[in-house]
Amino acid sequence: MGIPMGKSMLVLLTFLAFASCCIAAYRPSETLCGGELVDTLQFVCGDRGFYFSRPASRVSRRSRGIVEECCFRSCDLALLETYCATPAKSERDVSTPPTVLPDNFPRYPVGKFFQYDTWKQSTQRLRRGLPALLRARRGHVLAKELEAFREAKRHRPLIALPTQDPAHGGAPPEMASNRK
């Protein structure tokens, strides 16, 4: 006396459904690329800012950047936090006096360290869909030429109309030259 085929198939399908749910729960984290990666890093790191590559002192093996790790491999919260910059000092921490910078010290971010405010405008531009060509100063002339080309292409007639009406006694010049 064996198990009926219908019941064994039902048991098999039930097992496969539970197995696929368990595999989906333990699968590696998702990958993050481009703007999603930047937005996630901004959310995770907050005001601390973040690096695209870890400083050499933290990593003993060949250094891979956050893009290579999160875009091409799986990415989780612990990995994202390793790319956050060192936390800013709290307002209560007055153990060391503030550092006085010389007047000729550059005021722009140096290296691969980015603050949230500098990325905020870039991500807003990306969300609006402005191409990089329009954001560059030297690209404005090229952008105007591209727009003029698109405008001319948009208003091009579908067919070329003859210059003379053939019904009223004259064929177009193209037709007259073909008959000779």
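Glycine residues also receive a Cβ, built from the backbone N, Cα and C atoms like all the rest.
For reference, Swiss-Prot has these:
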- 1-24: signal peptide (SIGNAL)
- 25-52: region 'B' (REGION)
- Cys33-Cys71: disulfide bond (DISULFID)
- Cys45-Cys84: disulfide bond (DISULFID)
- Arg48: site 'Important for interaction with integrin' (SITE)
- 53-64: region 'C' (REGION)
- Arg58: site 'Important for interaction with integrin' (SITE)
- Arg61: site 'Important for interaction with integrin' (SITE)
- Arg62: site 'Important for interaction with integrin' (SITE)
- 65-85: region 'A' (REGION)
- Cys70-Cys75: disulfide bond (DISULFID)
- 86-91: region 'D' (REGION)
- Thr96: O-linked glycosylation site (CARBOHYD)
- Thr99: O-linked glycosylation site (CARBOHYD)
- 161-180: region 'Disordered' (REGION)
- Thr163: O-linked glycosylation site (CARBOHYD)
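Arg48 (site 'Important for interaction with integrin'): 14 other CB atoms within 10 A of its CB, across all protein chains. For the recorded site, Thr163 (O-linked glycosylation site), the DSSP three-state label reads coil. Mean pLDDT, taken over the region 'C' (53-64), works out to 57 on the 0 to 100 scale.
Within 10 Å of Cys70 (disulfide bond), judged by CA to CA distance, lie the following recorded positions from the set Cys33, Cys45, Arg48, Thr163: Cys33. The helix, strand and coil residue counts that DSSP assigns across the region 'A' (65-85) are 13 helix, 1 strand, 7 coil. Within 10 Å of the Cα of Cys84 (disulfide bond), the following recorded positions from the list Arg48, Cys75, Thr163 place their own Cα: Arg48. Secondary structure at Cys33 (disulfide bond), taken from DSSP and collapsed to helix, strand or coil, is coil. The two recorded residues, Thr163 (O-linked glycosylation site) and Cys71 (disulfide bond), have Cα atoms 59 Å apart. Cα of Cys45 (disulfide bond) to Cα of Cys71 (disulfide bond): a distance of 18 Å. As a summary of secondary structure, the region 'B' (25-52) carries 16 helix, 2 strand, 10 coil according to DSSP.
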